[in-house]
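Colleague: Dropping the structure in here first, questions after.
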Amino acid sequence: MSVMSYIDAINLAMKEEMERDSRVFVLGEDVGRKGGVFKATAGLYEQFGEERVMDTPLAESAIAGVGIGAAMYGMRPIAEMQFADFIMPAVNQIISEAAKIRYRSNNDWSCPIVVRAPYGGGVHGALYHSQSVEAIFANQPGLKIVMPSTPYDAKGLLKAAVRDEDPVLFFEHKRAYRLIKGEVPADDYVLPIGKADVKREGDDITVITYGLCVHFALQAAERLEKDGISAHVVDLRTVYPLDKEAIIEAASKTGKVLLVTEDTKEGSIMSEVAAIISEHCLFDLDAPIKRLAGPDIPAMPYAPTMEKYFMVNPDKVEAAMRELAEF
């Protein structure tokens with residue numbers, strides 16, 4: 001077991017899956033010789049060649065469409081959108097085609113495509129390089145949406161996504177790429193899509209979150225532990241479909257629940273999590289469900305001070321946790 005960065009774990013997962021299965025190939029903008037703008041595909045072109053690591057035009061609808069067609073033909077495409085913000089031209093392909101192929105063909109066709117995309121702010125990317133788009137797709141049966149927080153989870157879940165028989169959107173927080181490091185087993189392992197993970201056991205309050213915010217919650221929990229407040233931290237890992245059993249269990253355990261997302265609040269993944277808790281845990285709650293999210297404004301600002309105001313961070317999570325604990 002070695003320690004590696006979040007992005008290296010993603011790169012390794014693709015490499016191992018391409019070695020394991022000749023049907024797996026990568027396509028996207030600058031994924032070839034350049035290795036991707038974040039170097040997520042570095043070294044793949046040199047090892048597998050241009051037939052399996054394909055540079056594409058700047059046309060996200062084409063990237064998705066070609067990948068969907070290849071998946072229906074029996075291949076295992078990993079289609080990279082350079083930034084999650086740019087996935088919008090491909091929405092019709094993903095929602096109208098990939099998500100519905102199995103249903104409308106009465107199981108005659110499947111679409112085992114993985115669409116990877118870096119999301120999130122904190123890197124001064126402003127309007128078109130900082131968005132969180134997961135909620136746009138999170139009411140489309142037929143899709144799965146995975147958003148890992150650690151290198152270990154990233155590798156295991158990406159492998160699972162490649163082997164899945166249906167389309168998977170795999171969103172990676174770009175700020176986590178080199179910031180987050182962790183132990184990753186050398187052996188071949190997969191993690192189940194659709195299952196949350198308890199990252200920290202606690203008894204006083206529950207924090208449910210995903211992606212980079214998991215690390216903020218863990219940092220805040222360590223601070224609160226010194227004051228005798230025990231936080232239970234749950235990482236959703238898959239944001240669609242949600243692990244309802246894990247959500248209900250975590251909410252019922254403490255009776256005080258904080259939901260954290262970098263996305264804007266209204267209509268977010270956490271809105272659905274709150275609905276699940278309200279429907280199933282109402283009489284187990286000792287406080288109103290609390291949400292911490294980005295402000296409901298059109299886009300992430302560019303100015304560093306304004307970006308900081310928008311972003312969730314450990315201090316904001318800690319303050320929200322303290323307020324909830326004191327209720």
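Note that Cβ sites are derived from N, Cα and C of the backbone, with glycine treated the same way.
Annotation source Swiss-Prot lists thiamine diphosphate binding site at Glu29, Leu58, Ala59, Glu60, Gln82, Phe86, Ile87, Met88, Pro89. The substrate binding site annotation in Swiss-Prot covers Phe83, Ala84, Asp85, Phe86, His129, and the record cites similarity to another entry as its basis. Among the features that Swiss-Prot reports, active site, proton acceptor is placed at His129.
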Colleague: Give me the Cα-Cα distance between Phe86 (substrate binding site) and Glu29 (thiamine diphosphate binding site), rounded to a whole Å.
Modeller: 11
Colleague: Roughly how many Å separate the Cα of Gln82 (thiamine diphosphate binding site) from that of His129 (substrate binding site), to the nearest whole number?
Modeller: 9
Colleague: Output, ordered by sequence, the same-chain residues six or more apart from Pro89 (thiamine diphosphate binding site) with a CB under 8 Å from its CB, or 'none'.
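Modeller: Those within reach of Pro89 (thiamine diphosphate binding site), by Cβ under 8 Å and sequence separation of 6 or more, are Ala59, Glu60, Ser61.
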Colleague: Among the binding-site residues Ala59, Ala84, Ile87, which residue has its Cβ surrounded by the fewest other Cβ atoms within 10 Å?
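Modeller: Fewest other Cβ atoms within 10 Å, among the binding-site residues Ala59, Ala84, Ile87, is found for Ala59.
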Colleague: Given a separation of at least six residues and a C-beta threshold under 8 Å, show me what packs close to His129 (substrate binding site) in the same chain.
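Modeller: Non-local contacts for His129 (substrate binding site): Phe83, Asp85, Val123.
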Colleague: Measure the Cβ-based neighbour count of Asp85 (substrate binding site), defined as the other Cβ atoms within 10 Å of its Cβ.
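Modeller: Result for Asp85 (substrate binding site): 21 neighbouring Cβ atoms inside 10 Å.
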Colleague: Rounded to a whole number, what is the top Cα to Cα distance in Å among the residues the record ties to substrate, namely Phe83, Ala84, Asp85, Phe86, His129?
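Modeller: For the residues that bind substrate, the greatest Cα distance is 8 Å.
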Colleague: In angstrom units, rounded to an integer, how far apart are the Cα atoms of Ala84 (substrate binding site) and Glu29 (thiamine diphosphate binding site)?
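Modeller: Computed Cα spacing between Ala84 (substrate binding site) and Glu29 (thiamine diphosphate binding site) is 13 Å.
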Colleague: Neighbours of the substrate site Phe83, Ala84, Asp85, Phe86, His129: Cβ within 8 Å of the Cβ centroid, same chain, sequence order.
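Modeller: Counting only non-site residues, the set is Met81, Gln82, Ile87, Ala117, Pro118, Tyr119, Gly125, Tyr128, Ser130, Gln131.
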Colleague: As a test of the contact definition, list every same-chain residue at least 6 positions from Glu29 (thiamine diphosphate binding site) whose Cβ is closer than 8 Å to its Cβ.
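Modeller: The answer is Val37, Asp55, Thr56, Pro57, Leu58, Ile63, Glu80, Gln82.
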